[in-house]
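Asks: What follows is a structure written as structure tokens; I'll ask about it next.
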Ligand code: HEM
């Protein structure tokens with residue numbers, strides 16, 4: 001057997017120690033390679049645990065799973081799927097929780113905490129928060145009646161977060177189809193992906209805050225968006241009158257606890273809640289997909305799974321780690 005001559009006994013003794021130190025004290029420096037069944041040896045129960053905690057959350061508060069599903073979009077678009085949006089602010093870092101798109105809007109962070117705590121008891125330090133978001137989003141769709149699909153895992157959690165990046169990237173509910181097509185194309189997501197992924201608004205709710213301009217001053221006209229169907233418009237006026245508490249919530253489609261293609265049927269009927277939803281029907285390039293998905297639920301499901309998988313592949317290539325607590329980087333103390 002060939003062995004390396006024992007010329008440097010000190011190095012021989014310390015090299016394995018040094019390697020151990022590198023592996024366990026420094027985060028990975030290259031993009032993680034994602035694969036199916038990533039935890040099958042290191043934490044075989046991981047996917048079942050995520051699903052069971054999500055199921056409990058769904059029973060406790062049906063909307064919470066939609067709120068968690070939204071995390072995948074807000075995580076993956078801002079510097080890749082790295083759970084940066086779960087980090088709490090620190091004295092030296094303004095995180096993403098208070099960014100324009102997230103403040104008073106993203107919710108149900110505690111469901112991810114519960115998943116993480118359960119996983120840490122069974123396989124400490126193994127399952128990343130970034131992977132939890134991906135699994136939990138898939139489970140939210142399945143638990144509300146949508147498709148189920150295998151997800152590739154092995155992501156690492158970021159060491160930092162950026163409110164500024166989130167502010168610059170995340171689209172407004174006022175966005176029109178052209179700007180959304182443009183944004184999604186930067187992530188190699190097609191027009192079809194955009195429309196299919198917007199179908200996530202088949203579950204969950206939005207606030208009056210997100211539609212006030214649309215109801216009372218669309219494009220500075222002092223009038224409502226003419227694309228809103230008149231009876232629906234009256235309903236919205238009643239729910240969101242001038243001076244209302246803008247945190248009052250409304251359903252994003254008419255079946256907010258069921259993942260189905262009703263969202264697209266609603267858009268065809270002029271009953272989309274957000275401007276960024278209805279614009280997909282009023283704009284020619286996206287309209288054909290809205291029509292198609294409104295008539296063919298299984299085509300919507302297939303396109304949605306494809307879009308979620310593509311979005312789930314986004315990675316920044318920055319260093320990462322597996323956080324012990326999704327809200328804080330390892331080694332930093334928890335601020336209460
Ligand atoms: C296409 C651009 C998109 C825009 C402009 C947008 C915007 C919004 C807005 C404004 C809300 C309501 C927030 C509030 O009023 O507090 C919302 C809710 C939601 N969004 Fe999106 N969204 C987009 C795409 C997506 C994507 C791609 C996903 C997931 C794959 C997603 C998932 C959700 C879910 C599930 C909710 C409901 C959350 C809850 O009930 O707590 N959205 N979105």
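Quick reminder: no glycine exception, Cβ is built from N, Cα and C everywhere.
Quick paste of what TrEMBL says about this protein:
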{"type": "ACT_SITE", "residues": "74", "note": "active site, proton acceptor"}
{"type": "BINDING", "residues": "201", "note": "heme b binding site"}
{"type": "DISULFID", "residues": "43-123", "note": "disulfide bond"}
{"type": "DISULFID", "residues": "76-81", "note": "disulfide bond"}
{"type": "DISULFID", "residues": "129-326", "note": "disulfide bond"}
{"type": "DISULFID", "residues": "208-240", "note": "disulfide bond"}
{"type": "DOMAIN", "residues": "33-330", "note": "domain 'Plant heme peroxidase family profile'"}
{"type": "SITE", "residues": "70", "note": "site 'Transition state stabilizer'"}
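I would like each feature placed in context: is it buried or exposed, what are its neighbours, and how far apart are things?
Replies: The DSSP secondary structure for residue 74 (active site, proton acceptor) is helix.
Sequence-distant neighbours of residue 201 (heme b binding site) (same chain, 6+ apart, CB under 8 A from its CB) are 252, 253, 263, 273, 274, 277.
Less than 8 angstroms from the CB of residue 123 (disulfide bond) sit 39, 42, 43, 45, 46, each of them six or more residues away in the same chain.
Note on residue 81 (disulfide bond): other Cβ atoms within 10 Å of its Cβ, all shown chains, come to 30.
According to its DSSP assignment, residue 326 (disulfide bond) is coil.
Following the DSSP three-state reduction, the secondary structure of residue 208 (disulfide bond) is helix. If you take the C-beta of residue 208 (disulfide bond) and look for same-chain residues 6 or more apart in sequence within under 8 angstroms, you find 239, 240, 244, 245, 246, 247, 248, 249, 250.
Long-range neighbours of residue 70 (site 'Transition state stabilizer') (same chain, six or more residues apart, CB within less than 8 Å of its CB): 106, 200, 204.
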Asks: Please list the recorded positions from 43, 74, 123, 208, 240, 326 whose Cβ falls under 6 Å of any atom in ligand 1.
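Replies: Correct list: empty, so none.
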Asks: In whole Å, how far is residue 326 (disulfide bond) from residue 76 (disulfide bond) when you measure between their Cα atoms?
Replies: 15
Asks: Quick one: of 43, 76, 129, 240, 326, which of the disulfide-bonded residues has the smallest count of other CB atoms within 10 A?
Replies: 43
Asks: Please classify the secondary structure at residue 43 (disulfide bond) using three-state DSSP.
Replies: coil
